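Taking it in order: structure first as C-alpha cells, then the write-up.
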Amino acid sequence: MCFVLLLRRGFRLFGTECGSKTTKWDPVQSLQLNHQSLVLLENCNSRNQFKQVLAQIMRFNLICDTFPMSRLIFFSAITYPENLDLAKLLFLNFTPNPNVFVYNTMISAVSSSKNECFGLYSSMIRHRVSPDRQTFLYLMKASSFLSEVKQIHCHIIVSGCLSLGNYLWNSLVKFYMELGNFGVAEKVFARMPHPDVSSFNVMIVGYAKQGFSLEALKLYFKMVSDGIEPDEYTVLSLLVCCGHLSDIRLGKGVHGWIERRGPVYSSNLILSNALLDMYFKCKESGLAKRAFDAMKKKDMRSWNTMVVGFVRLGDMEAAQAVFDQMPKRDLVSWNSLLFGYSKKGCDQRTVRELFYEMTIVEKVKPDRVTMVSLISGAANNGELSHGRWVHGLVIRLQLKGDAFLSSALIDMYCKCGIIERAFMVFKTATEKDVALWTSMITGLAFHGNGQQALQLFGRMQEEGVTPNNVTLLAVLTACSHSGLVEEGLHVFNHMKDKFGFDPETEHYGSLVDLLCRAGRVEEAKDIVQKKMPMRPSQSMWGSILSACRGGEDIETAELALTELLKLEPEKEGGYVLLSNIYATVGRWGYSDKTREAMENRGVKKTAGYSSVVGVEGLHRFVAAEKQNHPRWTEIKRILQHLYNEMKPKLDCLDLLEIEIK
C-alpha cells in the first residue's frame with residue numbers, strides 16, 4: 001500500500017516537470033549513452049531491487065517517457081513474472097499513451113487470463129494503437145475456442161497484417177489445426193500466396209499429431225512436387241506417420257533419405273530417436289537394433305526408446321538386455337521395465353524384486369506412473385494379491401486420494417471382482433475428477449449393477465462434474481448389461497442437447513448391443529442400416545449375429561455374418577456362431593458347410609484358456625492342451641480324487657469322467 005502511495009506521489013511530483021522543455025528526456029540519446037538506471041534494471045534479480053531502480057527512474061524524471069516505461073513494464077511482466085502486479089500498476093497509472101510494444105508486453109504477460117487479454121486489446125483499439133502480428137499471436141495463444149480464433153482471424157484481415165509474410169498465415173493454420181478444425185485450416189493454407197517449408201510443416205505436423213497420417217503424407221508429396229525442400233521437422237513428422245501406419249517400406253525410404261543427407265541429418269539425435277520409435281511401431285525390432293548400434297551418439301531418450309520398444313513387443317529378454325547395458329537409468333527406464341514384467345504376467349516376486357532394486361538399491365523414487373504400471377499389470381492378469389500389495393505402496397508413499405491413481409485402483413478391483421473394495425477407493429478419494437467417476441460407473445456396468453451406475457451418474461451431475469463422451473459410453477454399457485432399455489435410449493437420445501456430444505461409433509455400438517440383448521433385433525438392424533451417419537463396425541454386426549443365436553431369424557444372421565466377414569475376414573467368431581445357429585435349428589448341412597468355408601479360407605479357431613493365480617504365480621490352462629501342462633499328472637490325480645468323492649452323491653457325472661480321461 002505504501003509503495004502505491006509512493007508511486008502516486010511521485011507521479012504528482014514529476015507530473016508538471018515531465019512537460020518542461022528543459023527536462024525533456026531524449027530516449028534515443030539516453031539509449032546511446034546507456035543511462036545508468038536502465039543498466040541497473042537489466043541487472044535486477046529481486047523485487048526490492050526493482051523498486052529501488054524504479055525510484056531512481058522517478059528521481060531522474062524519466063517516469064513519463066515511453067521507452068523507460070516500456071522497459072520497466074517488460075522487466076516486471078515478462079522477465080520476472082512474479083512482479084506482474086507492479087507491471088499492471090505502472091501500466092494503469094504511469095502510461096497514458098502506451099505504444100504497441102507496451103500493449104504486446106501486457107497482453108503476453110496476462111495470456112493465462114483470456115478476459116484480461118481481450119480487455120487490453122479493446123483498450124488498444126480505443127486508443128487507436130495499430131496492432132502488429134505479435135499482438136494477434138498473443139491473442140490466439142490466449143484463445144481456447146474456435147469462435148474466438150475466427151474473430152481474431154477477421155481482425156487480422158482488416159488490419160492488413162496478412163500481407164507481411166507467412167508468419168500470421170502459419171499461426172492461423174496452426175491454431176485451427178490444434179482446435180481440430182481441419183476444414184478451415186485447409187482453406188487458409190490453400191489461400192496462402194507463397195507457402196514455404198514452414199507452412200507445409202505446420203499442416204503436416206498438425207495432421208500427424210491428430211493421427212491423420214495419410215493426409216500428412218499426401219501433403220508431403222505435394223510439397224515435394226512443388227519443388228519445396230523438406231527439412232528436419234518435415235522428416236520427423238514423416239517418421240511419426242510411418243509409425244502410425246506401420247508402413248515399413250516408406251519408413252525405410254525416409255531412413256535412406258536421412259543417410260543420404262550426410263551427418264547434419266544422420267547425427268541428429270531427435271531424428272535418430274524418432275527412427276528407432278518408427279521401427280518398433282512397425283514391429284521391426286531387428287532394424288531398430290541395427291539403427292541403434294549405428295548411432296555414434298546416444299542420449300537417455302535413445303536408450304529408453306529401445307527399452308520401451310522391446311516392452312511394447314513383449315520381448316522382455318531383449319528389454320532387460322538393453323536395460324542392463326544402460327550407462328545410466330532414469331525413472332522412465334525403470335517404469336518401462338516394471339510395466340513390461342507386470343503386463344506379461346510374470347511371477348510377482350520378479351516384479352517386487354525389481355521394484356525394491358529400483359527404490360532401495362538405486363534410490364530412484366517411484367511416481368504415479370510407476371504405481372499405475374504395477375496396478376495395470378495386476379488388473380490385466382487378475383492378480384488380486386499383487387494389486388493389494390501395490391495399493392499398500394500407494395498408501396505408504398502418501399499418494400492416496402490422487403484421482404489418477406484412484407481410477408487405476410478402481411479398475412483393478414473391478415477386474416478382480418471386488419466391486420465393494422473399488423467403491424471404497426472411490427469414496428475415500430479426495431480428488432474426484434470426471435475420469436474417476438467414469439471408472440466407477442464402468443466398473444458397476446461390467447458387474448451388471450446398472451441401477452447403481454445410473455444413480456452414480458445422477459450424483460455426478462448433482463456435484464457439478466460434467467460427463468464426457470467416455471462417461472456416456474459407460475452409462476450406455478451399464479444399461480445394456482442390465483437390460484435397462486428405456487433408460488439407455490433416453491441417455492442416447494439426449495447426448496447432443498443435454499451433454500453437447502454427437503454420438504460416435506462406440507455409442508452407436510453400445511446402443512445396438514442394448515437393443516440386441518433385449519431381443520429388439522429389427523430396431524438394431526434399422527439403426528445400423530439406415531440411421532447411423534457412419535459405417536457400422538464389426539462389433540455392431542457381431543451383436544446382431546449373437547442376438548440371432550436362438551435360430552429365430554436365420555436371414556438376419558446370414559446378413560450379419562456377410563457384413564462381418566467384409567470387416568474382419570480372418571476372425572473365426574462369426575463362422576462358429578453361424579454354424580452353431582444352423583445346428584440349433586437342425587440345418588446340419590449348412591452348419592458343416594460353414595465350418596468347411598472357415599477351413600478353406602485358412603481361418604483357425606483360437607483356443608480359449610483360463611488363468612489361475614497360485615502361490616507360484618500365474619498358471620494358464622489352454623483348451624485341448626491340458627496334458628502339456630507341467631503338472632498335469634498331479635492335477636489329474638486331484639480331479640480323480642474329487643470325482644470319486646462326488647460320485648456317490650451325484651448321478652450325472654459322465655461328462656466330468658470323460659473330461660478327466
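Along the chain as shown, the residues are counted starting at 1.
Placed from the backbone N, Cα and C atoms, the Cβ positions cover glycine too.
Swiss-Prot assigns the feature region 'Type E(+) motif' to residues 616-647, out of the candidate ranges 104-135, 488-519, 616-647. The DSSP breakdown of the repeat 'PPR 11' (433-467), given as helix, strand and coil counts, is 26 helix, 0 strand, 9 coil. Averaged over the repeat 'PPR 1' (99-131), the predicted model reaches a pLDDT of 87. Counting only same-chain residues 6+ beyond the ends of the repeat 'PPR 5' (231-265), those with a CB under 8 A from a CB of the stretch are 197, 200-201, 204-205, 207-208, 211, 213-214, 216-217, 220, 223, 271, 274-275, 277-284, 287, 291. Counting only same-chain residues 6+ beyond the ends of the repeat 'PPR 9' (367-401), those with a CB under 8 A from a CB of the stretch are 331, 334-335, 338-339, 341-343, 345, 348, 351-352, 355, 408-409, 411-413, 415-418, 428-431, 611, 613, 618.
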